[in-house]
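A.B. asks: Got these off Swiss-Prot a minute ago, pasting:
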SITE      ASN12  site 'Discriminates between blocked and unblocked aminoacyl-tRNA'
BINDING   TYR17, TYR68, ASN70, ASN116  tRNA binding site
ACT_SITE  HIS22  active site, proton acceptor
SITE      ASP95  site 'Stabilizes the basic form of H active site to accept a proton'
Amino acid sequence: MSEIKLIVGLANPGAEYAHTRHNAGAWYVLELARICGVTLVADSKYFGLTARAVLHGKDVRLLIPTTYMNLSGKAVGALANFFRITPEEILVAHDELDLPPGVAKFKLGGGHGGHNGLKDIIAKLANDKNFYRLRLGIGHPGDKNQVSGYVLGKAPAKEQELIDAAIDEAVRSTEILFKQDMVKAMNRLHSFKAE
């Protein structure tokens, strides 16, 4: 497996979106930055908030795009191109409708599953889908017509606790990824379910 050199947390910019389910990826990157003792700063060259962190002796770039979700690839493409980072060296954290709150999973490759952030990243990486994803479960409203309002809404307190617990576990699993490997990180994260 390639070493991860860029970790991206997908989000919509602005205070009105900060606590919405669609920003779960950003919550994970912010927690990772806190653990690493770094602060993300705005960098217009990469259309996002960025930081350089060190995890178990390995350099990694952190990125939260400040474009809207459907333009996330602009930020990812700009940073990846500048630092010559390949898709296999990228981990993108995003909210996942198909997993319940309290569950998170790593995955390599695959489609975008209707997620506009992933869709744009795939397009900007020359249709290369072969990047890693961290899928953070937010649950599904039950009706596909309600998805937009659901992802742009805030989770009730109990659901938010479950999402936060899964993010904490995802951060610990990311440390295992950098210290050991993806298989061990997956084994740990995929056996976790917050109650």
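Cβ coordinates are placed from backbone N, Cα and C, and glycine is handled just like the others.
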A.B. asks: I'd like to confirm something. Which of the recorded positions, HIS22, TYR68, ASN70, ASN116, has a Cα closest to the Cα of ASN12 (site 'Discriminates between blocked and unblocked aminoacyl-tRNA')?
C.D. replies: TYR68
A.B. asks: Out of ASN70, ASN116, which of the binding-site residues is least crowded by other Cβ atoms within 10 Å?
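C.D. replies: Looking at the binding-site residues ASN70, ASN116, the Cβ with the fewest others within 10 Å is that of ASN70.
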A.B. asks: CB neighbours of TYR68 (tRNA binding site) within 10 A?
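C.D. replies: Cβ-Cβ neighbours of TYR68 (tRNA binding site) within 10 Å number 16.
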A.B. asks: Name, in the order they occur in the sequence, the residues of the same chain whose CB lies under 8 A from the CB of TYR17 (tRNA binding site) and which sit 6 or more residues away.
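C.D. replies: Residues satisfying the criterion: ALA11, ASN23, LEU152.
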A.B. asks: Compared by Cα position, which of the recorded positions HIS22, TYR68, ASN70 is the closest one to ASP95 (site 'Stabilizes the basic form of H active site to accept a proton')?
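C.D. replies: Smallest Cα separation from ASP95 (site 'Stabilizes the basic form of H active site to accept a proton') among HIS22, TYR68, ASN70: HIS22.
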A.B. asks: Around the recorded tRNA site, report the further residues of that chain (criterion: Cβ within 8 Å of the mean position of the Cβ atoms of TYR17, TYR68, ASN70, ASN116; site residues excluded), sequence-ordered.
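C.D. replies: Residues close to the tRNA site, other than TYR17, TYR68, ASN70, ASN116: ASN12, HIS22, THR67, MET69, LEU71, SER72, GLY117.
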A.B. asks: Which has the fewest other CB atoms in a 10 Å radius around its CB: ASN12, ASP95, the listed recorded sites?
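C.D. replies: Checked ASN12, ASP95; of these recorded sites, fewest Cβ neighbours within 10 Å: ASN12.
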A.B. asks: To the nearest whole angstrom, state the Cα distance for the pair HIS22 (active site, proton acceptor) and ASN116 (tRNA binding site).
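C.D. replies: HIS22 (active site, proton acceptor) to ASN116 (tRNA binding site), Cα-Cα distance: 11 Å.
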